[in-house]
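Reviewing the structure listed below.
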Amino acid sequence: MVLEFFQNACILIAFMSIAQHLLRNKRIFEDMSLKSKFLWGLYSGILGVILMINSVHITPDAFIDFRYIPILFSAIYSGFFSSIIASILIAIFRSLILGVSDISLIGSAIALAMGIGFGIISLLKISKKRKYIYSMIFFVIASVISSFTVPQNVKFVFQAVSLYFSGYLIVSYISIKYADYIFETVRIYQKLRNEATKDYLTGLNNVREFDNSFNNISQRAVRKEEELSMLFIDIDFFKKINDTYGHNAGDTILKSLALILLDTCRAYDVVSRMGGEEFSIILLDCSDSKAVKIAERLREKVEDNDFYISDNKFIKITISIGIASYPNMTTQVDNLLEMADTALYQAKNTGRNKVVLFNNEEHKI
């Protein structure tokens, strides 16, 4: 029996390790959507079912395992809804798949009770540690009460496995600690990945991520024969702004401009900060004429905006934009960067606060 309990615990830990890989690219530290909570509950329910399949049989109809621990995880880490989903799945499997009997119905009722109880405890405005303690108290009380509903001929079995409750507490505690370790590992991984790919000031893609995105997007554009446009953007006279109002004001403007860029572009366009006051936008499936319209809309929006710098003080700024497009301007998609940069240079040297589309006749690349 001890070996079977150990195997049950190993399955639990193994699924938690798998969850670590599934979660490492998910935004688990932000508010979960209803879909995410449902999937979390579904995953926990499936884990509970697998634990039941590998449970310890003490009679032909009665068996024990660690099926309630996944419900506990759902409640503590995802909330009431996930807890209910997990408990419903476990209850259905206990009654319908494994056969309907008095004991199976009792087992299903206990699973639902655990889901509701753990879920209600998860709603309390208390620490995770207290939620765990209260949940374990509820588990012991509910399990003891449920034992009195079991037919007399198997009552002695549940009394004989009182040691199971101690094992349950130990395994659940170890699992909670391991779950905390998993979440902390995922948090650190996401933090390091974000620092490696995002600009620290604006939150936009940095140069490294821009290069990766451009390589992938340009290859796809060539392969699927799609249009692709590039915008290079520069804040006019930004050095003067820093010299006049200070670098803190300059940083504030950079962050405000980043928000405008994201708000003006489409959700699937790639916005990056190239360094200093220079930005870029990769416009997917976008012709040169559409790119010009987007760039003009962006330029006008920046020109009309009042940029806060400090102490209720606002200033006006303008931007210059260079545009290049594939395949209308070049058959070599890699030329887009140099072409857009050339167009930006022309915009800055012919008056600024303007949009310039690369001209093949004026510039040979």
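From the backbone N, Cα and C atoms, a Cβ is placed for every residue, glycine too.
TrEMBL entries are annotated by machine, without manual review.
Features of the protein shown, as given by TrEMBL:
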type: TRANSMEM; residues: 5-23; note: transmembrane segment
type: TRANSMEM; residues: 38-56; note: transmembrane segment
type: TRANSMEM; residues: 68-93; note: transmembrane segment
type: TRANSMEM; residues: 105-124; note: transmembrane segment
type: TRANSMEM; residues: 131-150; note: transmembrane segment
type: TRANSMEM; residues: 156-176; note: transmembrane segment
type: DOMAIN; residues: 226-360; note: domain 'GGDEF'
Query - Overall pLDDT for the domain 'GGDEF' (226-360), taken as the rounded mean - result: 94
Requested in this report: Mind checking which residues of the chain, 6+ beyond the ends of the transmembrane segment (105-124), have their Cβ under 8 Å from one of its Cβ atoms?
Outcome: 48, 67-68, 71-72, 74-76, 79-81, 83-84, 86-88, 90-92, 94-95, 130-131, 134-135, 138-139, 142-143, 146, 149-150
Query raised in the report: Helix, strand, coil residue numbers for the domain 'GGDEF' (226-360) per DSSP?
Result: 59 helix, 39 strand, 37 coil
